[in-house]
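A.B. asks: Handing you a structure now.
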Amino acid sequence: MSERAYPGEVIRAAEVPLLGAGAPLMERAATALALYSAAALRARGRAARDRRVAGSRVCVLAGPGNNAGDALFAAASLARGGAQVSIVLLFDRTHDEGLRAARRAGARAIDLAAVPAADALETLRRADLVLDGILGTGGRRGLPAHITGLIRDWRRGGPTPGTVIAVDVPSDLDPADPETAGERIHADHTVTFGGLKAELIDPRVRRFTGRVHVVDIGLDLDAARAAAEVMVGPDLAADFPRPRADDHKYSRGVLGVVAGSATYPGAGVLTTTSAVGSGIGMVRYLGAASVADRVLTHHPEVVTAEGAVDALVMGSGDPEDEFVAPALEAIADTDVPLVLDAGSLALVGDDAAALTGRPVVLTPHAGELARLLSRLLGEDVSASRITADPLGWARRAASRTGHIVLLKGGSTVIACPDGYAVLPESGPPSLATAGSGDVLSGIIGSLLAGAHARATRRGAEPGESLDDRTIARTLGLAVLVHNAAGSRCVNAGQLATAVGDVVEGLLHPDPSASDSPR
Ligand SMILES: NC(=O)C1=CN([C@@H]2O[C@H](COP(=O)(O)OP(=O)(O)OC[C@H]3O[C@@H](n4cnc5c(N)ncnc54)[C@H](OP(=O)(O)O)[C@@H]3O)[C@@H](O)[C@H]2O)[C@@H](O)CC1
Ligand SMILES: [K+]
């Protein structure tokens with residue numbers, strides 16, 4: 001389920017009162033790490049004899065602080081389970097209590113200052129499991145040369161059989177420096193304690209963290225201090241809004257769509273198809289008459305008359321100005337969310353009154369964001385720079401424009417102007433196809449219209465109805481719908497229709513698929 005990510009200092013601060021009260025935080029962390037490590041050892045190898053803790057070779061890279069303490073206590077537990085544990089002491093000090101516990105359980109220690117580096121290297125290469133306990137949240141960037149050299153030689157030797165688990169965080173994690181990537185720990189798993197650290201969610205660090213597993217050690221974290229939120233598939237079933245028995249079409253939300261043009265009529269059809277399928281009260285198609293005819297052929301329930309809306313989505317398929325301007329005019333005195341895609345991104349930066357006093361969502365892909373930022377920042381921002389750091393650029397764009405930015409790509413990211421981010425899990429690569437973005441626009445518009453209608457029903461004041469985090473989370477749900485639909489199809493026409501199938505499954509789950517006894 002979704003997981004909030006916190007700045008490291010927020011998590012460290014939350015530990016302080018508990019440590020003062022004597023809570024056994026390290027014991028909890030080390031116990032969870034030992035269990036996770038044992039499971040990783042049992043998951044390896046083909047032969048049954050390889051899938052055991054007893055007899056497996058475990059190597060601990062031990063640093064100078066409490067991060068090593070976690071690794072050493074966990075290793076002690078694995079040693080008691082029969083693992084052969086070797087500890088590579090990388091500094092002139094380590095966590096003494098942890099070292100004593102590991103030694104008592106039978107671990108042997110190799111002091112890198114006293115033995116040839118080749119011995120440590122050999123131990124690393126032969127290990128079934130390596131625990132990176134060099135540095136944790138107390139780490140500064142840049143490891144001493146004798147450690148980077150060891151890591152470089154270990155990695156240069158080619159793939160080794162061992163699973164690498166980073167304890168709390170991969171030591172010396174640095175997303176931005178490709179030059180030194182070969183001297184850093186590349187973990188298969190990161191077991192992180194207390195809460196998800198914000199530094200672990202950046203798409204650029206995935207190759208260093210591997211799969212991230214969060215262990216609850218009983219910290220009381222204040223959700224208001226979270227920096228981001230990661231959303232995963234199961235969030236859909238939990239949070240997708242369902243209609244209530246007393247709902248009517250207006251209370252479920254009305255979406256205005258200005259998409260498609262005489263040149264690109266298909267965008268209008270794709271956007272309305274996915275909007276209709278996303279479980280909304282009503283869709284008003286407000287674009288060109290020639291597109292409206294096609295839309296109505298596919299969806300007779302779509303309304304082409306002007307009228308009130310709860311959200312307006314525009315821009316896919318470059319709709320003509322003569323339809324954009326009146327649609328913006330019609331929402332001028334309202335607080336309804338506005339979604340700008342493709343051609344309508346050109347409105348950003350203008351003094352358009354319609355862009356003020358309401359939540360505005362921009363949904364560019366990297367090329368569109370590159371054009372937008374180059375214009376706004378007055379410097380040449382290329383699409384490849386944006387693709388290399390999607391979260392960083394989405395945050396920059398949100399901060400610069402004051403709008404919520406959903407940057408589409410292999411790892412779609414959503415950023416609010418204050419830096420808060422929502423990261424939905426990645427969808428299938430088949431989503432990279434013409435028209436896919438139009439389909440996403442329709443889902444987004446539909447879910448935002450529903451959210452606005454519900455907020456209005458609750459009596460929220462204009463301007464207070466939808467806060468940025470609620471909107472960002474709603475966008476995250478829309479991306480999860482898009483992902484789920486994407487795994488059922490090979491082109492955007494099928495994708496738009498599959499949205500309806502996904503939502504149908506959420507609103508009317510198949511009772512025969514339930515686990516309940518018959
Ligand atoms: N608090 C708790 O109860 C719990 C903590 N837990 C665990 O503790 C971890 C945090 O522990 P920690 O604070 O001891 O920091 P950690 O990163 O192990 O080492 C700091 C030492 O490294 C040194 N150093 C730093 N950077 C360096 C560099 N680049 N190159 C060389 N040296 C460098 C630094 O030196 P200094 O900066 O002081 O000069 C200092 O001596 C946390 O991630 C989690 O795993 C969990 O068990 C839950 C309960
Ligand atoms: K570590």
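Numbers run from 1 along the shown chain.
From the backbone N, Cα and C atoms, a Cβ is placed for every residue, glycine too.
Those TrEMBL annotations? Automatic predictions, nothing curated.
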A.B. asks: According to TrEMBL, N67, S171 bind K(+); which of D128, D132, D202 is also listed for that site?
C.D. replies: D132
A.B. asks: In TrEMBL, G136, T137, G138, G139, R140, R141, G142, D168, G317, H365, D438 are given as binding (6S)-NADPHX, so which of A83, A267, A492 is in that site too?
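C.D. replies: Looking through A83, A267, A492, the residue TrEMBL assigns to the (6S)-NADPHX site is A267.
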A.B. asks: TrEMBL records K408, G409, G410, S411, T412 as AMP-binding residues. Which of G378, G435, G437 is assigned to the same site?
C.D. replies: G437
A.B. asks: Neighbour count first, Cβ atoms within 10 Å, every protein chain included; then name which of G136, G138, G410 tops the list of binding-site residues.
C.D. replies: G136
A.B. asks: Return the member of D132, K408, G410 nearest to A267 ((6S)-NADPHX binding site) in space, with distance defined Cα to Cα and candidates limited to these binding-site residues.
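C.D. replies: For A267 ((6S)-NADPHX binding site), the spatially nearest of the binding-site residues is K408.
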A.B. asks: Using Cα coordinates, what distance in whole Å links K408 (AMP binding site) and N67 (K(+) binding site)?
C.D. replies: 36
A.B. asks: With the Cβ under 6 Å from ligand 2 as the test, give me the qualifying entries from the binding-site residues G142, S171, G410.
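C.D. replies: Checking each Cβ against ligand 2, the ones under 6 Å are S171.
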A.B. asks: Give me the sequence-ordered set of same-chain residues, not including N67, D132, S171, with a C-beta within 8 angstroms of the centroid of the K(+) site's C-beta atoms.
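C.D. replies: Along the chain, the qualifying residues are L61, G63, A68, A71, G133, I134, L135, G136, G139, A166, V167, D168, V169, P170, I185.
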